[in-house]
Amino acid sequence: MSPYVLPLLLFSLGLGTTMTFASSHWLLAWIGLEINTLAIIPLMAQNHHPRAVEATTKYFLIQATAAAVLLFAGTTNAWLTGQWEIQQGAPPLPVAIITLALALKLGLAPLHSWVPEVFQGLDLTTGLILATWQKLAPLALLLQIHPPNSYLLILLGLTSTLIGGWGGLNQTQLRKILAYSSTAQLGWMVLVLQFSPSLTTLAVSVYVATTAATFLTLKLAKATNINMLAISWAKAPALVALTPLVLLSLAGLPPMTGFMPKWLILQELSKQGLAPTATLAALTALLSLYYYLRITYTMTLTMFPNNLTGTPPWRLRTRKITLPLACLAIATISLLPLTPAAVALVAL
């Protein structure tokens with residue numbers, strides 16, 4: 001890709017998301033989402049591999065469908081209420097259609113089936129953008145409409161945590177596992193969105209940090225399936241020692257940073273009288289924990305059968321930039337004691 005085109009595409013990605021963040025008008029928010037989608041399409045197809053082209057086509061069709069439904073719902077809302085403002089409230093029918101359209105954009109279950117297939121066709125860098133940055137604009141719109149007493153959001157959240165955990169159990173491709181992990185993590189955010197938007201913001205922040213650390217780790221290890229992780233110990237022993245902690249943080253185990261949002265979400269759901277919902281969400285987290293532990297076991301406790309320990313290239317110093325990974329890993333592992341400060345910060 002041309003060095004002049006890449007900064008333009010990245011600027012368009014930022015512009016689309018920022019426009020959606022800042023807009024209080026449905027049409028402007030829709031335009032921001034479209035700019036965002038059109039900017040990432042060339043990044044997804046830049047390898048010219050048939051799988052990348054297939055993934056790009058699927059992503060474009062899904063996002064175009066969701067955008068059309070969102071525009072239809074916004075137009076219906078304007079027809080019923082006479083205004084295009086996002087935060088002025090809307091009748092139940094347009095709110096439900098908008099919620100489903102944004103769920104399709106995010107990849108929430110049961111509208112998630114495109115996510116693993118699209119992730120599988122992409123490289124890890126583009127997959128990282130798709131799993132983190134591309135989720136921010138639809139989540140911002142969900143936070144702005146903030147539908148009260150929405151059983152639809154609770155249903156979408158519980159289904160996402162269940163399917164996200166269940167779907168990754170029999171996967172061997174790491175990108176598909178990360179896709180199901182993304183669906184499960186988004187389910188936790190949606191569960192608490194209508195009760196505590198600030199808590200959703202905290203969960204998104206922790207999700208972005210832990211997911212970015214995981215993607216960068218796999219990119220550094222040059223691994224695309226679980227079996228390839230078995231030789232990672234010879235390439236980067238320090239990285240292999242750190243990766244289980246990052247994965248357990250993504251799973252939400254204490255004393256890692258990832259435990260913070262799940263603990264607070266379960267607490268908030270219990271306060272709202274939704275103890276059964278909190279219990280189901282906690283149980284579905286065990287499904288996700290299984291495949292995180294499976295990856296951890298493969299990296300740290302198994303050895304590749306044809307391993308040649310004396311191969312010199314494995315001992316060469318890496319030339320890749322590892323500072324972002326180091327910072328993200330520290331944030332992923334060690335910020336749980338700062339929970340009161342984080343809660344106070346997002347509540348401002």
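Glycine too: its Cβ is placed from the backbone N, Cα and C atoms.
What TrEMBL says about a protein is an automatic prediction, not a curated fact.
Owing to the predicted nature of the structure, the values given are computational and were not obtained by experimental measurement.
Here is what TrEMBL says about this protein:
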DOMAIN    23-286  domain 'NADH:quinone oxidoreductase/Mrp antiporter transmembrane'
DOMAIN    289-341  domain 'NADH dehydrogenase subunit 2 C-terminal'
TRANSMEM  57-80  transmembrane segment
TRANSMEM  92-112  transmembrane segment
TRANSMEM  151-170  transmembrane segment
TRANSMEM  177-196  transmembrane segment
TRANSMEM  202-221  transmembrane segment
TRANSMEM  233-253  transmembrane segment
TRANSMEM  273-293  transmembrane segment
TRANSMEM  325-347  transmembrane segment
**Prompt:** List, by number or range, the same-chain residues at least 6 past the transmembrane segment (92-112) whose CB is under 8 A from its CB atoms?
**Reply:** 33, 62-63, 65-67, 69-70, 72-74, 76-77, 80, 135, 138-139, 141-142, 145, 147, 150, 152-153, 156-157, 159-160, 162-164, 167, 179, 182-183, 186-187, 190
**Item:** Contact between the transmembrane segment (325-347) and the transmembrane segment (151-170) (3 or more Cβ pairs under 8 Å, separation 6+)
**Value:** no
**Fill in**
One stretch in 57-80, 151-170, 202-221, 233-253, 273-293 has more Cβ pairs under 8 Å to the transmembrane segment (177-196) than the rest, namely 151-170
**Request:** Please give the sequence-distant neighbours of the transmembrane segment (202-221): residues at least 6 beyond its ends with Cβ less than 8 Å from one of its Cβ atoms.
**Result:** 124-125, 127-128, 131-132, 135-136, 139, 174, 178, 181-182, 185-186, 188-189, 192, 228-229, 232, 235-236, 239, 242-243, 246-247, 249-250, 257-258, 260-261, 264-265, 318, 320, 322, 324-325, 328-329, 331-332, 342-343, 346
**Fill in**
Quick tally over 57-80, 151-170, 233-253 of CB pairs under 8 Å to the transmembrane segment (273-293) gives the top stretch as 151-170
**Asked** Which residues, given as numbers and ranges, are at least 6 beyond the ends of the transmembrane segment (233-253) yet have a Cβ under 8 Å from it?
**Response** 181, 185, 210-211, 213-214, 217, 220-222, 259, 261-262, 285, 288-289, 292-293, 295-296, 299-300, 303, 307, 309, 311, 314, 318, 329, 332-333
